[in-house]
Amino acid sequence: MGGPAAPRGAGRLRALLLALVVAGIPAGAYNLDPQRPVHFQGPADSFFGYAVLEHFHDNTRWVLVGAPKADSKYSPSVKSPGAVFKCRVHTNPDRRCTELDMARGKNRGTSCGKTCREDRDDEWMGVSLARQPKADGRVLACAHRWKNIYYEADHILPHGFCYIIPSNLQAKGRTLIPCYEEYKKKYGEEHGSCQAGIAGFFTEELVVMGAPGSFYWAGTIKVLNLTDNTYLKLNDEVIMNRRYTYLGYAVTAGHFSHPSTIDVVGGAPQDKGIGKVYIFRADRRSGTLIKIFQASGKKMGSYFGSSLCAVDLNGDGLSDLLVGAPMFSEIRDEGQVTVYINRGNGALEEQLALTGDGAYNAHFGESIASLDDLDNDGFPDVAIGAPKEDDFAGAVYIYHGDAGGIVPQYSMKLSGQKINPVLRMFGQSISGGIDMDGNGYPDVTVGAFMSDSVVLLRARPVITVDVSIFLPGSINITAPQCHDGQQPVNCLNVTTCFSFHGKHVPGEIGLNYVLMADVAKKEKGQMPRVYFVLLGETMGQVTEKLQLTYMEETCRHYVAHVKRRVQDVISPIVFEAAYSLSEHVTGEEERELPPLTPVLRWKKGQKIAQKNQTVFERNCRSEDCAADLQLQGKLLLSSMDEKTLYLALGAVKNISLNISISNLGDDAYDANVSFNVSRELFFINMWQKEEMGISCELLESDFLKCSVGFPFMRSKSKYEFSVIFDTSHLSGEEEVLSFIVTAQSGNTERSESLHDNTLVLMVPLMHEVDTSITGIMSPTSFVYGESVDAANFIQLDDLECHFQPINITLQVYNTGPSTLPGSSVSISFPNRLSSGGAEMFHVQEMVVGQEKGNCSFQKNPTPCIIPQEQENIFHTIFAFFTKSGRKVLDCEKPGISCLTAHCNFSALAKEESRTIDIYMLLNTEILKKDSSSVIQFMSRAKVKVDPALRVVEIAHGNPEEVTVVFEALHNLEPRGYVVGWIIAISLLVGILIFLLLAVLLWKMGFFRRRYKEIIEAEKNRKENEDSWDWVQKNQ
């Protein structure tokens, strides 16, 4: 199967054609041609272009230009009265403009009535121009600064002056001084300073002139009925008594009440500072103007009502209204135009506000003009000037009417500096609605008075291309009709047909087009589901160039294949044919106004393209083809007991979600299960027990989508699979790890069956840690006493006490497995020898390692205290001889007064440690007063975790408490004067003991010795012994 192939040109040409087609028609290149402007130049510094008017008489087209500061060759004695110039469009190769002769008075003081003598100096002739809307329509030209000097000794009266010029621009016209009244001479009162003609409008029967200076600048509108040559008067006292509102600053007229009646509109831009606009019914019976509608501006100083345009935007026969507020500001004078749509009987409803590009100081809305039907779409169009945009270069925006009122987006923006860099205040005046070059389309004329220039911009013919894309009604995805190689594939025939028509368009055109498949997917950045096959090549789009004949249809035929394993069989397959004109050759060009190349019709800012779509067939039992998906699931933590109620950060490496999805309804197309997960999880894999056509794709870091079943999930089927996520990067900032699992399909699903389509699985996240603390003391012991050298201790400035430095280092260690988000350590030191004793320790500093924490403690206000006791030599000696062995100071024992410090840590990662260094001084003067020979200090430190931070301490882990011990040893040597006393008392005691013994011995007779008897007895004994010895020898 197949159709004719597209021309196989170079890839470069194809890319160029694609760029042209996709780009569409830029806003600056619709059917007004800025490349070939017709430029008219006026006298220097004359404000040539302040007002412009397109005009025709018979077959001659003219551009009429007001130059309100020009000198007049017909009135050389008048100082800068201003002039109206006529510029012929055809047969005027030099673009010359000539002044209209209005047969005006040439001298100051020319009579103009019983009590009227004119002064034309600086009268600003040409400040406004208007044309009667018919074939031989006359022209209205005004000079609002024209003055009546009849009473110049008392008052000079700026009545204003208008002149009706015949259609042929040659015969003498009619003079209008609408504010002149005989014998009225006071400036300001009534119409004495009315300045009529500052704005003017012409209908078939009415001449409308604004007079903003009447009634002390309350203003009014002067309306002349040409049928009976009478003026319609405004008698509304409420309006007339509102001074300084400037009613009549802008005027227009239209069919507001009924398609057959004319109503008059006047703007009062100073009314209450915000501006107003009024619509008046012209009641010819009473000869008055009766107010039927009013609207107010929205911001102070916006000058709402300073420009007006009545135009039937939606083609319902009733005029709609555009009101300019050129000084409307968000930043500075960007300008705004409010659009009011006529709902009948003069009831207007605000539709929207237009702002152009909202450029700084643009004064968008300074001028508004109806252009008639610029592009032949059946609805009138309008131009809005922004003369100060681009630093006074100026711009004009073109907006199109439609059945709804007005298209909010402008179709083109005409930039003055791009048309001609010399243009200044381009857009101050605009005129349109007349075909100036004879090609059947109305053209637009724009004034740029600060460069004394006028530009005629011609409209190009507009081509309407009719495009049809023919597709099969549906695609049966279960019955392939084509082959791609050896593989059967689904396919469809695609036919595109083109024809064109338009007003005054060429008989033949060249058309570039690009036919794209499945554009809805491409616009979403997704892969298309179909592709074209041309001569064995596959491509996502077809690019061709056609030659079309007027009102004849040309068709092309193609074959598109459906990709295998298409997931989405619910959304339609959209084909789009985007097209653009090829380069058009216009033939021989005329010297003055060469023919313009046509353009394609603008589609209200949309892409110039045509779309059609087809769908996949579906096999459904119910009319609404409703699926009924049911979702079940369970969390499984790896390497964890099922009884564990939380996920320990760092302990669990991955987590699995076991999912079961069932379909109890019709076949579910594009069935999928999506997972909204934490961005800290990483998708590892999807597991299924057997191949069931399930595939998963991570669309975002926190969004996983799994397609279930291909090409659809059958009715009464069930699928089970698991998705596995890596949890090693969880930070723990979230309290709960949640999974939102949703089952959905492209089918509709009844509301009563949606309750089981979503599953929320959650598990708390906890920090599981095993903390421990160790400590060391330096020194572990020291000796104190009176005989200990003072150099072993330190003294603080101006203090007598001797201090022993004590340094303690504590280390907190986190074994893991989780990071410890925060912890604290409490430390206690025995600080007094007794409950009422003085404080012994003075903490100098506590430092947390790496500055990842802070400590707090209570400083000792009086670190140096020397206990003062009443000296008693006998008590001192007694204490020396009765010193006990060891005293233990432990904060856990009752009655012990302790110093407590606290330290808080920041996060402590797994297998990391944190140290606390404590620098203290111990007052040894207090120790000296104690009777113990050894004082043992037991300092304790304990690490604590905060349950509020979701921290769990592992049971039966490392100890969270440590005891650090050091000892103070007394040297047991008494003071010097005590030693003397001990020696003296010892001698005294010895003598007393000796005397006591002597007395005792004396009393016992120790000193009564019988020396004589003893000696004699000893002598006798010796003799006896001697005689015994002799006897024995003789035997």
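Cβ coordinates are placed from backbone N, Cα and C, and glycine is handled just like the others.
Listed in Swiss-Prot for this protein:
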type: BINDING; residues: Asp312, Asn314, Asp316, Asp320; note: Ca(2+) 1 binding site
type: BINDING; residues: Asp373, Asp375, Asp377, Asp381; note: Ca(2+) 2 binding site
type: BINDING; residues: Asp435, Asp437, Asn439, Asp443; note: Ca(2+) 3 binding site
type: DISULFID; residues: Cys87-Cys97; note: disulfide bond
type: DISULFID; residues: Cys142-Cys162; note: disulfide bond
type: DISULFID; residues: Cys179-Cys194; note: disulfide bond
type: DISULFID; residues: Cys482-Cys491; note: disulfide bond
type: DISULFID; residues: Cys497-Cys555; note: disulfide bond
type: DISULFID; residues: Cys620-Cys625; note: disulfide bond
type: DISULFID; residues: Cys696-Cys706; note: disulfide bond
type: DISULFID; residues: Cys855-Cys891; note: disulfide bond
type: DISULFID; residues: Cys898-Cys903; note: disulfide bond
type: REPEAT; residues: 182-232; note: repeat 'FG-GAP 3'
type: REPEAT; residues: 233-289; note: repeat 'FG-GAP 4'
type: REPEAT; residues: 290-349; note: repeat 'FG-GAP 5'
type: TOPO_DOM; residues: 30-981; note: topological domain 'Extracellular'
type: TRANSMEM; residues: 982-1002; note: transmembrane segment
Integer average pLDDT (0 to 100) for the repeat 'FG-GAP 5' (290-349): 96
Helix, strand and coil totals (DSSP H, G, I; E, B; other) for the repeat 'FG-GAP 5' (290-349): 0 helix, 28 strand, 32 coil
Shortest C-alpha distance to Asp320 (Ca(2+) 1 binding site) - which of the disulfide-bonded residues Cys97, Cys179, Cys555, Cys625, Cys903: Cys179
Rounded distance in angstrom between the Cα atoms of Asp435 (Ca(2+) 3 binding site) and Cys706 (disulfide bond): 63
Other same-chain residues whose Cβ falls within 8 Å of the Cβ centroid of Asp312, Asn314, Asp316, Asp320, the recorded Ca(2+) 1 site, in sequence order: Val311, Leu313, Gly315, Gly317, Leu318, Ser319, Ile341, Asn342, Gly401, Gly405
Candidates Cys87, Cys194, Cys497: member of the disulfide-bonded residues with the richest Cβ shell (10 Å): Cys194
Sequence-distant neighbours of Cys891 (disulfide bond) in its chain (C-beta under 8 A, six or more apart): Ser828, Phe829, Pro830, Cys898, Met938, Ser939, Arg940
Cβ neighbours of Cys97 (disulfide bond) where a neighbour is any other Cβ within 10 Å: 23
For the disulfide-bonded residues Cys162, Cys555, Cys696, Cys706, Cys855, the one whose C-beta sees the most other C-beta atoms within 10 angstroms: Cys162
Between Cys162 (disulfide bond) and Cys179 (disulfide bond): CA-CA distance (Å): 11
Among Asp320, Asp377 [binding-site residues], residue with fewest other Cβ within 10 Å: Asp377
